[in-house]
Amino acid sequence: MEKTSLKLIFLFSLTVIAFCSSLGDAREMVKAEVNCIGGKCPEGKKNCNCMPPIAHVMDDIRPCNTDGDCYKFCPRECELGTCYCRCDYGCTCTC
């Protein structure tokens with residue numbers, strides 16, 4: 001009986017330790033994301049694991065023949081030269 005209780009206590013302690021260590025990792029990750037400015041690491045900071053900017057997508061069902069026909073439908077949020085369009089059953093553009 002005592003051996004079983006000791007085993008259970010040991011397993012419970014390991015579970016608590018594993019859970020607490022995973023919380024520490026999550027806190028470090030949040031700190032890293034807070035340090036990002038505009039999706040980039042600020043000056044002097046390295047490896048801040050910035051999240052990529054959200055991709056803007058524009059779908060248009062107007063007929064097209066080539067990908068080049070679709071560039072006029074680039075989302076307004078795209079910076080010059082960052083828009084990629086394709087023609088599949090209508091235009092789909094993203095940046």
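Sequential numbering from 1, following the chain as shown.
Quick reminder: no glycine exception, Cβ is built from N, Cα and C everywhere.
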Of the candidates Cys41, Cys48, Cys91, Cys95, the one sharing a disulfide with Cys70 in Swiss-Prot: Cys91
Disulfide-bonded cysteine for Cys74 as listed in Swiss-Prot, from Cys50, Cys93, Cys95: Cys93
Of the disulfide-bonded residues listed as Cys91, Cys93, Cys95, the one whose CA lies nearest the CA of Cys83 (disulfide bond): Cys95
Position of peak Cβ density within 10 Å, selected from the disulfide-bonded residues Cys64, Cys70: Cys70
Cα-to-Cα gap, Cys64 (disulfide bond) vs Cys91 (disulfide bond), nearest whole Å: 7
Cys74 (disulfide bond) to Cys95 (disulfide bond) - Cα separation in whole Å: 8
